[in-house]
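**Student:** Reproduced below are the annotations present in TrEMBL:
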DOMAIN    70-260  domain 'ABC transmembrane type-1'
TRANSMEM  12-31  transmembrane segment
TRANSMEM  73-93  transmembrane segment
TRANSMEM  105-128  transmembrane segment
TRANSMEM  134-160  transmembrane segment
TRANSMEM  181-207  transmembrane segment
TRANSMEM  242-259  transmembrane segment
Amino acid sequence: MAAKLRKSILPHAVLILFSFLFLFPFLWLVMTSLKTPDEIFQLPPNLLPDTFQWSNYAAALETIPFARYMTNTLIICTVNIIGQLFAAPLVAYSISRIPWKGRGIIFSIVVATMILPAQVQLIPQYIIFTKLGWVNTILPLTIGAFFGAPFFIFLLRQFLMGIPTELSEAAKIDGASEIRIYIRIILPILKPALVTVALFSFVWAYVDFMGPLIYLNDSAKWTITLGLQGFQQDHGAQWEKLMAASTIMTLPMIVLYFFGQKYFMQSGSALTGFK
């Protein structure tokens, strides 16, 4: 027992150290949001403020149209989630469970697009969306979701490859169609992976800065990331308000992680086999 305890001390100590290193920037963000301007630029810097300035949060919410930015962001996130949950499972199911000529080539192309830098696509996409008249709308930020992201297709395909084919064959013997098998059998089994897809879709759309910066010209349509950038440009170095707004911005992602972490682990295990 003592030997096992000694062996576990070092790994746990390393995990605690790395946890602190990852949490420290967020802790600094929160503490900075509760400081006065003088305390922020104090040398040497202190982690904890002398007095917690909770009024910074009220001032940030009064200065930034936070509700409007958050509403715009949540609309974009919701549409992206709907699109990915509709398209990615269909494509993954077709590639993994339905035999048709050329599906291996199509899957290889899907995987290849995962290594294609997003920056390479910016100019062609902007030209296309400009000719379609979609600039200054949310369509360029959402339409791609309805074709399925390559990473989500790959994730769901790996999950589906671990599901025994006997389930589908038994359903076909009972007279079930391919659509019925997909809806009644496959989708319920895919629940952990689908939740992971929804969470990743939300996070990617929520923190996206480049897309809104390129396509949303009207400040009334800005997302929260673009709104924070605009606040910094308009109000200079009011770091206490900016840090307060940034802290509020991170809360939805933290809440989502704690509610969805078990699904992350379940779907992650599917990459090596069906559990």
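Using N, Cα and C of the backbone, Cβ positions are placed for all residues, glycine too.
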**Student:** Going along the chain, which residues at least six beyond the ends of the transmembrane segment (181-207) come within the CB cut-off of under 8 Å?
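**Tutor:** For the transmembrane segment (181-207), the far contacts come to 73, 76-77, 80-81, 84-85, 88-90, 93, 97, 141, 145, 149, 151-152, 155-156, 159-160, 163, 167-168, 171-172, 224-225, 252-253, 256-257, 260, 262-264, 266-268, 270.
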**Student:** Taking the transmembrane segment (242-259) as the first stretch and the transmembrane segment (12-31) as the second, find out whether 3 or more Cβ pairs fall under 8 Å, excluding pairs closer than 6 in sequence.
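**Tutor:** Counting Cβ pairs under 8 Å, at least 3, so yes.
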**Student:** If we skip the immediate neighbours and take only residues 6+ beyond the ends of the transmembrane segment (105-128), which ones have a Cβ under 8 Å from one of its Cβ atoms?
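**Tutor:** For the transmembrane segment (105-128), the nonlocal Cβ contacts are 91, 95, 135, 140, 150-151, 153-154, 157, 210, 214-215.
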**Student:** Who are the chain neighbours of the transmembrane segment (12-31) in space, where the CB to CB distance is under 8 Å and they lie at least 6 residues beyond its ends?
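**Tutor:** 47-49, 243, 246-247, 250.
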